[in-house]
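The block underneath contains the structure these notes are about, expressed in structure tokens.
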Amino acid sequence: MTAGAAPTERAGVERWREYVFALAPLTAAMLWGGMYVVSKWGFETIPPLTLGFARVSVGAVALLAIVRYQYSDRTFSRRDAARFFALACWVTGTTAAGFVGTDLTSASQGALLTVVTPVFTVVLGVAVLGEAITRRRIVGMALATAGTVVVAVGEHAGSVAGVDGRGVLALLAAALTWAAYTVWGKPLVRRYSALETAAYSTALSVPLCGLLAAAELTALGISPTELPRSLSTLGAVLYLGVAATAVAWYLWYKGIEYVDTGTVAVFIFLQPVVGTALGAAFLGEQVGTAFVAGGVVMSYGVYLVSKDRGT
């Protein structure tokens, strides 16, 4: 009876692992879905690079508080310390470029550019980690891309026009640096944990983002003491730092504890759809048939990739 129970128990563990890897990046995408509205709101009173600095600062404090409790005596080799710093550079790049790009583009433009992040991740995963790329994954990525385009263009066709080239370049840079953060973070996630890798890379990015924020405030002639301290601003910073950074980045890395980076990356396609759905639910924004049709196609594409095991 004991021998027969072992395979059943292992099967149960494997099913649980599948749920974890899917739910973790899915939840991260949901948290990022609300980030566009919150960050746009924050830009009304805080410049983009400065808001990015506030975001990673709050996120680092939240992550380190948990890490200090669970891994109080952790030590690293110089090589791994250098790898964590490299991740911090990618974090700085994606935070700065992402917020500047968001400030210069519309929601639909940002949604369209979101589709390049999984593509960059798959390419880097193959080149750097030797991950497999299968026909199923290619088909799933194509469907998810098509669905995202339908949602973005169909729901906000008018705002797709008038593209700001600087914003597009910034968002492309953000996509590439996030893909790099995902791929080069995988070895450290496997060696340590998703929590530690997210925490140390975020903490090391704080002084780097701080330098960019200082340069921005100096260029704009704004003193740090002049920045608003209202409850609404505090709420925006807390959401960006705790939910969209500490929780979301940990969950993102949690996904790649179990599967290839290319499989996890496909969940990014859900971000603009979740954002649109949240806008309809909480802001009274209208959605039409394009949202439903595109969402169904995109969801099926995500499903195909999520079931792919690289064989």
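In case you wondered, yes, glycine gets a Cβ from its N, Cα and C as well.
As annotated by TrEMBL, transmembrane segment applies to 19-38, 50-69, 81-101, 107-129, 141-161, 167-185, 197-222, 234-252, 264-283, 289-306. If you look up TrEMBL, you'll see 26-151, 166-306 marked as domain 'EamA'.
Contact between the transmembrane segment (50-69) and the transmembrane segment (167-185) is not supported: fewer than 3 Cβ pairs lie under 8 Å, counting only residues 6 or more apart in sequence. Here the transmembrane segment (19-38) does not touch the transmembrane segment (167-185). Their Cβ atoms form fewer than 3 pairs under 8 Å, with each pair 6 or more residues apart. Counting Cβ pairs under 8 Å to the transmembrane segment (167-185), the stretch among 81-101, 197-222, 234-252 with the most such contacts is 81-101. Using a Cβ-Cβ cut-off under 8 Å and counting only residues 6 or more beyond its ends in the same chain, the transmembrane segment (81-101) has close neighbours at 39, 43, 48-49, 51-52, 55-56, 110, 113, 166-171, 173-174, 177-178, 180-181, 184-185, 187-188, 197, 200-205, 208-209, 212. Packing against the transmembrane segment (197-222) from elsewhere in the chain are residues 47-50, 52-53, 56-57, 59-60, 63-64, 66-67, 84-85, 87-92, 95-96, 181, 185, 188-189, 245-246, 249-250, 252-253: each is 6 or more residues past its ends and has a CB under 8 Å from a CB in it. The helix, strand and coil residue counts that DSSP assigns across the domain 'EamA' (26-151) are 106 helix, 0 strand, 20 coil.
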